[in-house]
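Chemist: One structure, pasted below without further comment.
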Amino acid sequence: MSRKLRTLMAALCALPLAFAAAPPAHAADPTTMTNGFYADPDSSASRWAAANPGDGRAAAINASIANTPMARWFGSWSGAIGTAAGAYAGAADGRDKLPILVAYNIYNRDYCGGHSAGGAASPSAYADWIARFAGGIAARPAVVILEPDSLGDYGCMNPAQIDEREAMLTNALVQFNRQAPNTWVYMDAGNPRWADAATMARRLHEAGLRQAHGFSLNVSNYITTAENTAYGNAVNNELAARYGYTKPFVVDTSRNGNGSNGEWCNPSGRRIGTPTRTGGGAEMLLWIKTPGESDGNCGVGSGSTAGQFLPEVAYKMIYGY
């Protein structure tokens, strides 16, 4: 069904409700406004495959990774963020596809881990950046993963820093609800081995989860979908018991095809997981991390930087060795 026809049908179906109270700005369902997910033609895997057509690994990387819909990450490297986010959302919209975007620029990013340290120069700089991010997407349908690791990275932070971070996330949700009404925003909730369900439920709630569409799990990690689903349900049980609501969640399945070996930073022998789809035990299973992109200078990516595409790692991940 074409985008225009779906939009017209939705409008016609809504006519009997014309005098009902307006739904909240973030209530639109972008999955019904599009026809499948957007595969980024300029992902690191796509660029490598295009630049190395004679490499014996290129065909497999192109077929199994580059052509799979996955997220594009946005941060300080993205230039004018409103323009960058708008161009990406617009390209997907032009193909009637749903894009997945990751906002990864919070002030004091990866403060305790360090492998991906950086982010905006100050809380006010981040507020401006995230407002422009949301404004760039505008009314186009999109999925946004909001600041991976931001609620798990508390181990070395003092209470004032935690309050500051939660305030930045709450403000980000306000911006998306005001400016991007057809975007589903998922606050990142780390992974099942980072914080217990009760702790994560509290952190999510205090950072404004009620204003978000849901939360994300396992971003850039390797833990099985089953373990993440059990954890997501446990977080929701805590949310229901403590605060009276639950939220849908998504799981990053890009690199969890054979689970975790206990290491999180470029472990060997990992395998790609279920390609991006709706359902599957969560609201969506998404490729949020690009398989083959380094976690940092560690493991089988020794000597690399976070985000660098490593073709040999990508190739081996297709087959799990």
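Every residue gets a Cβ built from N, Cα and C, even glycine.
It should be emphasised that the depicted structure is a prediction, and the values quoted were computed from it without experimental measurement.
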Chemist: Pick from CYS112, CYS265: the cysteine that Swiss-Prot pairs with CYS156 in a disulfide bond.
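Modeler: Disulfide mapping in Swiss-Prot sends CYS156 to CYS112.
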Chemist: Rank the disulfide-bonded residues CYS112, CYS156 by the number of other Cβ atoms within 10 Å of each Cβ and report the first-ranked residue.
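Modeler: That would be CYS112, with the highest Cβ count within 10 Å.
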Chemist: Please give me the CB contact count at 10 A for ASP149 (active site, proton donor), counting all chains in the structure.
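Modeler: Taking every protein chain into account, the count is 23.
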Chemist: May I ask for the distance between CYS112 (disulfide bond) and ASP295 (active site, nucleophile), taken between their Cα atoms and rounded to an integer number of Å?
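Modeler: One finds 15 Å between the Cα atoms of these residues.
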Chemist: Which residue among the active-site residues ASP110, ASP295 has the fewest other Cβ atoms within 10 Å of its Cβ, if you could check?
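Modeler: Taking ASP110, ASP295 as the active-site residues, the minimal 10 Å Cβ count falls on ASP110.
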